[in-house]
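Residues annotated as UDP-N-acetyl-alpha-D-glucosamine binding site in Swiss-Prot, with sequence analysis given as evidence: 12, 13, 14, 124, 163, 191, 243, 262, 263, 264, 265, 266, 267, 288.
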């Protein structure tokens, strides 16, 4: 008998890509997969592109909005729960999996009303508002990092599912770091870029010799960032708005400078690449700092808060590694050791156990 799951996730790649990893694994096991999302976020296009049917409900976030929207919020939430209720009653899934995003809240409530097991997965080290509320009614609570929720009989640390190309990368031997080789540095500020990385990192790298640089600048920033490198005399650099094959870029790099989204941290560990994390300072509940600390407290990465990052400080750190690349080798080993490479299988197993 074929089983059915509804995955509730959307808004950002940090929610959608782990959900897709689980979806593909369950589909390979013969499951029917449906998706619940919102029509104006990235899941609307990305999920169908992966071959999964998607249903939409109308719901928006409540943070940082005006009084009128907050006053209307109870009515909008009730409407969204009703929409989700009707969709789930029609699909009749055996279990629902909430991976975060606006649709997960109403979807989880509707599933609970219908008596459908609710599995919750929190990718970040600090749980988001939707998941904190859903945790009260969830059948099972899964965590990417320890500390997002208290460990109880309902909760488990399972890690964050990553894309297959990163799992393949994790099977390859770690790089060997040697003095004298050009240090290959990858800068990733997210798909929309990160202004401090675009502005400060070029000044830091201009103070170094024997480097090769690839820099993802974000949409509309490539020309300005490229011009900045050129004005600073850095010639061994390639600047692009967006890197389509991130796993290949990680495999190329000796060192990564990036933000600390949950998916990024999981992919860094799987790849076994030394990273300097510069957490987004205004992330909700400072969750990026806590994500980064899952590696930095093990010595498996370096944390550099944005307010403390200067060109001189970053250049000095990298120069130390150029003199003694054994430090990078040790960080790479600790990073790979921290990876939970079977996270997708763990999530799948927890979902199957509830049927």
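Cβ atoms here come from the backbone N, Cα and C positions, even for glycine.
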Those binding-site residues listed as 243, 263, 265, and which of them has the most Cβ atoms within 10 Å of its own Cβ: 265
Candidates 12, 14, 163, 267: member of the binding-site residues with the richest Cβ shell (10 Å): 267
Secondary structure at residue 263 (UDP-N-acetyl-alpha-D-glucosamine binding site), reduced by DSSP to three states: helix
DSSP three-state assignment (helix, strand or coil) for residue 163 (UDP-N-acetyl-alpha-D-glucosamine binding site): coil
